[in-house]
């Protein structure tokens with residue numbers, strides 16, 4: 001390998017001109033040097049943009065992104081092309097694309113030499129056009145006189161087309177932090193929900209021993225296909241009418257293409273109506289082949305109407321194909337049902353075209369957007385095309401021509417046909433309580449689109465994140481939509497070998513991009529590469545486009561946003577995760593996808609967990625209470641428009657962002673959330689202050705009670721002291737009180753004059769005594785005061801004798817003052833007997 005130069009070997013002039021190129025990114029400022037080093041220094045190993053297990057394998061300096069005329073460095077990793085801007089050293093999203101997301105790539109030479117490079121020997125004459133499956137057409141310009149382009153093309157040929165499915169990056173990266181759980185368990189849990197058995201949870205033991213065959217009054221789950229012997233493209237568990245035996249199911253499978261017999265995809269929890277799916281019946285060229293078991297199975301969908309005794313519901317058999325295509329399939333043994341053979345049935349043809357028409361339409365739409373966008377792959381602005389300056393680039397005739405090209409692509413017409421068919425199916429189920437059987441040819445493309453969209457309209461659960469995952473895994477993955485064929489990945493054959501899709505020349509496949517090639521030009525004769533174009537078709541992308549149209553009509557009905565759908569399809573096309581590898585559940589089980597690859601659902605959930613409901617994947621207008629039932633859009637509202645978040649993100653990246661309203665609403669939601677948190681914090685502080693105030697009030701009340709009790713106790717003590725004082729006075733005692741609580745009582749012998757000295761104010765000195773002296777003047781006075789021997793008339797009973805109570809009591813009494821605190825003395829103690 002040559003012409004791949006390590007970063008350390010760049011010329012000084014290129015590094016010095018980086019500041020100048022930041023604003024222009026022009027070819028004029030590049031100094032072209034020949035790259036003669038084939039080694040790579042590994043200087044990009046610490047790039048922040050690299051994913052887990054992603055490593056750089058090649059580097060090409062001085063590459064120009066023709067779409068935006070921006071200079072930079074093109075890197076090739078084991079997963080994708082990366083384009084780093086020379087000025088900012090950041091990834092340029094337009095020039096960064098995973099290998100398997102590339103539909104084709106061509107070597108090109110410019111048709112007309114621009115005046116800008118007319119006399120420049122370093123003009124961009126080595127061009128590589130890369131056409132993506134995500135609507136982008138990118139052109140890289142390489143240095144003349146080098147083998148940069150040759151080396152990049154050679155690397156793309158090897159990395160873009162892995163020989164085996166496990167050579168994909170999904171296996172290199174492994175499950176990592178986005179580990180997968182068993183998808184079979186999730187399918188059974190969804191079946192349980194439909195049967196009204198949500199309390200049951202699936203487990204591996206249940207799957208291994210086959211004990212998942214639950215049922216309700218009308219429907220049951222069968223394990224007849226647990227080993228994929230009944231139908232290799234169907235899931236291991238099927239939901240069928242309870243009245244049909246497994247033997248009858250086996251007989252029915254032989255009458256349907258690829259053994260895809262009619263089974264239930266969704267059932268109404270109230271009315272009992274169902275949406276069933278299958279492939280076309282094998283009625284033959286003369287439309288005269290019949291199957292009693294098939295007719296019985298289909299008739300079992302016409303259960304009795306609730307509230308109508310004996311009346312059975314109507315059955316609509318919806319053939320997604322145009323009638324002429326259904327008749328043409330009769331030559332191959334296929335065809336369509338006859339209403340005369342199926343009980344209470346009506347056959348309806350929706351006229352939706354096949355995968356080849358969708359592929360061509362998608363290609364024409366991509367070319368239209370590249371031609372009339374602001375980042376055309378030929379480097380010319382649409383405003384300057386045809387020499388004009390008006391809208392669309394040119395005069396009135398070019399304006400009308402551009403509108404005509406959009407209409408001629410047919411993409412929006414196909415979207416409208418699908419939406420009209422889905423709305424019709426949903427209305428029959430919701431308004432008539434009718435059952436609907438949907439099929440096309442094989443029953444895995446148009447059938448899957450119609451059935452899953454009808455479920456989305458009828459069941460609000462599928463309009464949530466978890467419900468959307470359940471819907472995709474049930475109707476797209478489990479029922480065998482061939483993702484490997486439709487997306488363009490290595491296939492797994494029945495024998496276990498790996499095969500690559502047949503290459504097809506880009507000149508025969510799609511109309512050319514705006515770098516217009518003419519017969520005989522260098523571009524037309526250059527090499528090209530494409531990936532499985534025979535079976536490639538954007539069926540799943542078209543389904544997501546239909547959902548975006550419904551989200552535009554019902555902006556409050558979906559929990560997820562259009563940005564979520566864009567990131568979802570990007571993850572799918574990149575094959576970074578293993579969920580959508582292979583063509584069927586059986587093949588994914590054989591390859592051990594769930595154990596060895598990362599899970600797209602875990603990755604998307606991890607993105608949302610960082611920001612909660614303010615994440616760009618969350619719809620800020622979501623109101624589940626407003627749309628808690630079926631969505632039945634009228635026919636007049638089914639006029640589709642371009643999906644701006646997906647269709648215009650590469651063609652018109654600098655135009656006004658169509659999600660500005662969502663972004664503003666999301667910012668307001670974040671601000672509201674912050675203010676709500678601040679309010680909650682303020683309320684918490686108010687509650688704390690209120691609690692503190694209540695606590696203080698309680699303490700104040702307690703203090704008040706204590707103070708009241710103390711005052712009452714003091715009053716009682718004062719009263720007791722007064723009583724004691726009177727008692728002591730009656731005894732003619734001299735009492736001496738001290739602050740330490742001691743009290744000395746002395747009783748004098750002779751009658752003395754009674755005197756009562758009130759103690760002075762206590763001094764601050766703790767040793768100051770408080771004394772009280774009491775003496776009697778006469779015995780008569782004492783007797784008159786307190787003697788209990790006085791008669792009622794006031795005379796002493798023994799007037800001639802000396803008072804025996806004076807002089808002989810409390811002699812030498814020494815007491816502790818604290819004893820008085822515990823002494824309760826009442827006036828009644830001293831009343832006369």
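Yeah, the Cβs are placed from backbone N, Cα and C, and that goes for glycine too.
What Swiss-Prot annotates here:
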type	residues	note
ACT_SITE	440	active site, phosphocysteine intermediate
BINDING	329, 330, 331, 332, 354, 355, 440, 441, 442, 443, 444, 445, 446, 486	substrate binding site
COILED	660-717	coiled coil
COMPBIAS	504-530	compositional bias 'Low complexity'
DOMAIN	42-109	domain 'GRAM'
DOMAIN	181-647	domain 'Myotubularin phosphatase'
REGION	503-530	region 'Disordered'
REGION	753-772	region 'Disordered'
### Message
Pairwise over 329, 330, 331, 332, 354, 355, 440, 441, 442, 443, 444, 445, 446, 486, annotated as binding substrate, what's the top Cα to Cα distance to the nearest Å?
### Response
25
### Query
Do you know offhand how many angstrom separate residue 331 (substrate binding site) and residue 440 (active site, phosphocysteine intermediate) by C-alpha?
16
### Query
For the residue listed as 'active site, phosphocysteine intermediate' and residue 354 (substrate binding site), what Cα-Cα distance in Å is obtained after rounding to a whole number?
9
### Message
Using Cβ atoms only, which residues of the same chain lie under 8 Å from residue 329 (substrate binding site) while being at least 6 residues apart in sequence?
### Response
280, 321, 335, 441
### Task
Within 10 Å of the Cβ of residue 442 (substrate binding site), how many other Cβ atoms can you find? Include all protein chains, please.
20
### Summary
Using a 10 Å radius on the Cβ of residue 446 (substrate binding site), the other Cβ atoms enclosed count 28
### Query
Can you count helix, strand and coil residues in the domain 'GRAM' (42-109) using DSSP?
6 helix, 34 strand, 28 coil
### Query
Here are the recorded positions: 331, 440. Which has the lowest count of other Cβ atoms within 10 Å?
331
### Message
For the domain 'Myotubularin phosphatase' (181-647), what's the mean pLDDT in this predicted model?
### Response
86
